[in-house]
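According to Swiss-Prot, the protein has these features:
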- ALA2: N-acetylalanine (MOD_RES)
- 2-223: region 'Mediates interaction with SART3' (REGION)
- 7-118: domain 'DUSP' (DOMAIN)
- THR226: phosphothreonine (MOD_RES)
- 260-904: domain 'USP' (DOMAIN)
- CYS269: active site, nucleophile (ACT_SITE)
- THR573: phosphothreonine (MOD_RES)
- 598-666: region 'Disordered' (REGION)
- 627-644: compositional bias 'Acidic residues' (COMPBIAS)
- HIS862: active site, proton acceptor (ACT_SITE)
- 923-952: region 'Disordered' (REGION)
- 931-945: compositional bias 'Acidic residues' (COMPBIAS)
- SER932: phosphoserine (MOD_RES)
- SER936: phosphoserine (MOD_RES)
Amino acid sequence: MAEGGAADLDIQRSDIATLLKTSLRKGDTWYLVDSRWFKQWKKYVGFDSWDKYQMGDQNVYPGPIDNSGLLRDGDAQSLKEHLIDELDYILLPTEGWNKLVSWYTLMEGQEPIARKVVEQGMFVKHCKVEVYLTELKLCENGNMNNVVTRRFSKADTIDTIEKEIRKIFNIPDEKETRLWNKYMSNTFEPLNKPDSTIQDAGLYQGQVLVIEQKNEDGTWPRGPSTPNVKNSNYCLPSYTAYKNYDYSEPGRNNEQPGLCGLSNLGNTCFMNSAFQCLSNTPPLTEYFLNDKYQEELNFDNPLGMRGEIAKSYAELIKQMWSGKYSYVTPRAFKTQVGRFAPQFSGYQQQDCQELLAFLLDGLHEDLNRIRKKPYIQLKDADGRPDKVVAEEAWENHLKRNDSIIVDIFHGLFKSTLVCPECAKISVTFDPFCYLTLPLPMKKERTLEVYLVRMDPLTKPMQYKVVVPKIGNILDLCTALSLLSGVPADKMIVTDIYNHRFHRIFAMDENLSSIMERDDIYVFEININRTEDTEHVIIPVCLREKFRHSSYTHHTGSSLFGQPFLMAVPRNNTEDKLYNLLLVRMCRYVKISTDTEDTEGSLHCCKDQNINGNGPNGIHEEGSPSEMETDEPDDESSQDQELPSENENSQSEDSVGGDNDSENGLCTEETCRGQLTGHKKRLFTFQFNNLGNTDINYIKDDTRHIRFDDRQLRLDERSFLALDWDPDLKKRYFDENAAEDFEKHESVEYKPPKKPFVKLKDCIELFTTKEKLGAEDPWYCPNCKEHQQATKKLDLWSLPPVLVVHLKRFSYSRYMRDKLDTLVDFPINDLDMSEFLINPNAGPCRYNLIAVSNHYGGMGGGHYTAFAKNKDDGKWYYFDDSSVSTASEDQIVSKAAYVLFYQRQDTFSGTGFFPLDRETKGASAATGIPLESDEDSNDNDNDIENENCMHTN
């Protein structure tokens, strides 16, 4: 436990602040600390200059480091999925962790969460703490049913793994062994490079490793291996073909080309889904299958990947479209992606659309036909016609970017910004590779809260309330009032963490500050907080006192139980305040049944009416005129204790009585009764308000108390602590009863199915004028200042393949959420003409060819894909290694995340769009389609082109 004065806390604050700035170095060890514990520590040491009110205050002492909030239940080392740095945890270097542990210790039963710093990136190296380890399954060759799971860092070597396996299975040091990587049911790959790391070897989450012991006669149970397999860092037995991908049922030749699944390497369904959508984009796949990419590989582009991504992509596409395999394992492709985009190098679930964006950009730069990009000065429209500015913007784009990706996926939109001060209009035309469409925001969210009633005998009740997504605390209280009948203005909303009030909310605070994992308690207080001048509301916490040693008078304390809010008379006596507190806790404070307790039962106040008219449901005795006040004691300490009652004295409100409680807990009758006083009170008081003592009383027999409104604040940093002696706590405090609660029927509430929105609604929302946020202003060249301008996006020209990203995921400082709105999108004949402002836009009808689906929420989920095979024209469902037929009525669902549309005029011929590359630039910029002899006589196309004309 940390002790000492402010100087010691200054050292703590300074040391940790310095160590938090430590640079990451490959191989170093860092430690995770739960952010909620760390925030409490920051309060205690006055870490932030604006929050030093409680510095050194034992009432906010953080206690032992508690990382339980980061861990899965029942697992001392397995982290919850999708934890976010700084939001959920803080990273500390070894020295910083050791200091914190020496000052505060670690919660009993917990282990340090240590993680290595690994190096990532192919050309630009950078270090990163590997928060999530790779879980491997280990077994012996002779007994593969006995599987042991262990977690390793990507920086760990094969030798490290083998030593761990030998240790697990008690293999003697003199016994010769070798290690195998087991795929599927009967495919094995020897891991014979002991210095290679897990990352180098391409081992993935859930991979099975088999250790094999040499026979006594010098032979190996699995036979000899052949270390000469081409294109592999590791070798396979000679009977197994291996070229970067592992196949199911080698030699099978009756598969429909393209109907090839992708094995899940461990949370890689996002990659599989994205790849299946691209694989079933006919123009792109034909380009790679016909080897056109080889003549356009750009090895010198500083923005590219030296052609590695394009070559790896091509190899995988060829395997999937060979018709030989029902599925392949894209291990080499995953490794290449991780080398150039370290964010995808691990085995955490990632965003499919983010990977698509990387792949499209990476393929573009690897295949960019421009070998030397010229510098181009961007120009504003300055009143010029849109057609002129659009053509100029597209030509400039092609001078630096010209690839198959541009040919297929790039379009042009118009951006208009208007300054609110000087009315300056800025018009630019910018290329896009995909459209990210906003969804109508979910207007509501559900929160689980606990309502604590005034009646002390009533258990807290858990409710599920529906509140506005963009609302405030008053909205929560209003919703809870409808369910409970408690007026909203009689509620106070709090966040309880680690036996203390983490936050006490004001009614106008935003609900976005409440996170999903917060424990929200709402207290009923029967006073008008703005008009009642006779009462004050105080937060009350429970503490267990203890001595540091038998020969010292220095004491410490630790919090326990649930804190509560309580309204008490502003002028009071110590006796009456004690009685009010005791009655407030009577549901879980035991009545003495010991025969040795000759003085009787607990000390409760006389004639206290549980259902009375007091602010806590308790009738209050005494006139304010009886309660005198006095100036504060100059000798009072910062955290002043109200002394225990003299053993020979008795409260003026206490008279003798009997206790007939059968279950050992206070009942309504016993609380109402006239109970005798204890020889010794169960607890004493300590009040703290922003580090100052705010209870003033006279040290005489009456012990009058006055709460000063100039000093008292309803704040999580101001509270009354009830200090319990350990023996009395153990004897009289029922912790199980204190934690008990009931569930309201609303907890079982399931939100009704939401009405669907049309894809066109999302496009309209995309093109709606909006005001820029204060955090994202526009620099006005006229005003020479950043302004919150209005911005409007319009579509000018569309590409042959239109990728539509439905923005389902939203992120904020306090919350992560997924919109599960059903978007109704057409499978055939998506007509985009009404959204194109270019009067010569050309063909603009699309058919759906692929969909990436995401099932689940922010905390996890699974990606799959629907795609239309370019050869047989049928729909299929791709779920990792599984491929099955699908019907069109399955495709539109609330799981749809990324849509791939192909323009109808590009389906003719070989499947590659009938646009000549040399003239593609002018066509895309102007929107005028190139006509073939066939098209020029096609009345349907004439009608379609006419329909695409902009009309006003």
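In case you wondered, yes, glycine gets a Cβ from its N, Cα and C as well.
Reported as a whole number, the C-alpha separation between THR573 (phosphothreonine) and CYS269 (active site, nucleophile) equals 66 Å. Each of the recorded positions CYS269, THR573, HIS862 was scored by other CB atoms within 10 A of its CB, and the lowest score goes to HIS862. Rounded to a whole number, the C-alpha distance linking the residue listed as 'active site, nucleophile' with the residue listed as 'active site, proton acceptor' is 6 angstrom.
Helix first, then strand, then coil: DSSP counts for the domain 'DUSP' (7-118) stand at 41 helix, 21 strand, 50 coil. Mean predicted confidence for the domain 'USP' (260-904): the pLDDT average there is 78.
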